[in-house]
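> Dropping the structure in here first, questions after.
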2 protein chains.
Amino acid sequence: MQFNSVLENVTTYEAGKPIELVVREFGVNPKDVIKLASNENPYGTSPKVVDKIQELAKNMFIYPDDSMFELKEALANKFDVTSSNVVIGSGSDQILEFCVHAKCNENSKILMAKTTFAMYEIYGKQTGSTIIKTESDTHNLEQFSKLYKEHGADIIFLCLPNNPLGECLDKDDVYEFLETIDSETLVVIDGAYQEYASFKDEKKRIVPKNLIETFPNCIYLGTFSKAYALGGMRVGYGIAQPDIIQTLYKLRAPFNITTLTLAAAIEALKDEEFVNDCIAKNFEEMQRYEEYAKAKGFEYIDSYTNFITLKFGDKYISKQVAQELLQKGVIVRDLTGYGVNAIRITIGTQEQNSKVFAQLDEVLEKLK
Amino acid sequence: MQFNSVLENVTTYEAGKPIELVVREFGVNPKDVIKLASNENPYGTSPKVVDKIQELAKNMFIYPDDSMFELKEALANKFDVTSSNVVIGSGSDQILEFCVHAKCNENSKILMAKTTFAMYEIYGKQTGSTIIKTESDTHNLEQFSKLYKEHGADIIFLCLPNNPLGECLDKDDVYEFLETIDSETLVVIDGAYQEYASFKDEKKRIVPKNLIETFPNCIYLGTFSKAYALGGMRVGYGIAQPDIIQTLYKLRAPFNITTLTLAAAIEALKDEEFVNDCIAKNFEEMQRYEEYAKAKGFEYIDSYTNFITLKFGDKYISKQVAQELLQKGVIVRDLTGYGVNAIRITIGTQEQNSKVFAQLDEVLEKLK
């Protein structure tokens, strides 16, 4: 059967391998699997969230509140905006999808860094848009500016900090760049890891309210999947001016968020202490990875997230390292598919990280 | 900001009002609200599902298994097909969305009954497609054939049984119609309420395996939101030939189903006894609505679902009846927006239905 021809060029996202798969394929005991491939919060779900889910489980025959009244209010309060500035998606992923499908078609151009979140390009290709990437792997605003002047763009994606590499632009530099962008260009500021970046360095902090008041063509995206430890629940949000929000809602399917997810997100927002505690531990543990990399002579990218990218240069082949670790039950992300000979490792708990170093030692010895 | 011009004609879906809204707006005690507007299973969630959700709640920091391996296997087993015939969506809604976006664009035509599930048209308009509807409110295959010969169609939607009216075509008539349809036309058989229809009358039963083997241009959609009592969890599925499934997966965002939802659906499939018991009770209780309608002299549509449509003719205005009931905490669906002077009531539990009759008596007396 013939489908829309633009789909011929669409590839699908390759998710981090789930624990179940490693158990099935390599016969590793589920308890021994260390999953550090998807930048989940390794400290688990807030106990307050767990209690709420257990309390509500019996009500799952009822549809969710499609107005998402309470979660919108909670987010509006958190960011000092109104509900009309908030859109909620099944992960911030879904809001990326809304943005691209609302704005783009076969005549559109989308500008992004060479190595950044894969879904920007996948959603772009779904609409038949032309994808324009900087030469630099990491975000380089001079290159963004040059390409924008040359080609224009319907959407610009800035991932702050950047996944899967970990670097982060300063807020002042971002604002200076945004001054030069036409009001008809939608700029998506993907803040999936902003909680980490702004904890580590105040200069990286993007304040959504200030952003959208200063630049009404911007949308800020946040997620509950990382610092808020709800990756399994699928919920993210966008903050923008009401005209953008209203348009995105036209692409939202009814009931796009489950009842338990709505409740979990509301509960998670109440437990900021848990979140801050997790972030603090993250950067303590990250130092161990930096020391490990230095000891082994690997380059790494200074990271403003909950993961670190180790580059192997001509010492090792990242695909082999990742595959060997997988067989030992340690799941990390090989970045070969992104054109980089590196692995991305989520910063785990102290105990997990110690095991990773031990396993990595063995793997590197074997592949030497 | 300018967005894709097709969005200008897109309206958004109006969901059945949630309990929370009635509590907020009319000050009704939540315990006294009877929600019979969204065709949920009133007998609640299977206890086995509740146990599973509670058990897994603590794992919500981990992303879902994006391969959906286990649920796909369970569905493939249930329908005697393979995993390559299965696509899973956030409700069967999301699979409708995939179908329309995969197949349609501004040059496309979509054929459907005049009064049927609202999302067919909403998704169609998102792509700028022309919507063609039969004159008849209910499904009339002669009219479908006539319009198909006249205009052709890229997609035909058959809702079997039909929501929001409740009627259902016989399988033999559907097959006879499908014989006349071009292999390039995608036919979506929406079986959201098939469990009810095939329980009431074997002639209505559509067997997905046989359907897609006989007509490779068909996709069968099912949901866990109705008989399986998981409306709050958002999960549905499509069964089709692998070429169709693979294309739809190109439009699926990663992690479109939460971990708890995947687990709940697998558990729900194991508890067929619960489902069958709910369906049997549904039709016992439906008889009471039929008797009530006859006693009041209202027309009703013979229903193969878990709801009944009461037509008021020139006796009452459905919008007023629905509004008065709402203020008493009884949420039903007014069908004025669908162009029909009728209300659709989900068949509740014995106790709920008795209360509905009492409240409806009062409302009708007041509006007489």
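Keep in mind that glycine also has a Cβ here, set from the backbone N, Cα and C atoms.
Copied straight from TrEMBL:
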{"type": "DOMAIN", "residues": "B:31-356", "note": "domain 'Aminotransferase class I/classII large'"}
{"type": "MOD_RES", "residues": "B:Lys226", "note": "N6-(pyridoxal phosphate)lysine"}
> Check the domain 'Aminotransferase class I/classII large' (B:31-356) for me and report the mean pLDDT.
97
> Please give me the CB contact count at 10 A for B:Lys226 (N6-(pyridoxal phosphate)lysine), counting all chains in the structure.
30
> Would you mind pulling the DSSP three-state label for B:Lys226 (N6-(pyridoxal phosphate)lysine)?
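B:Lys226 (N6-(pyridoxal phosphate)lysine) sits in coil per DSSP, no helix or strand.
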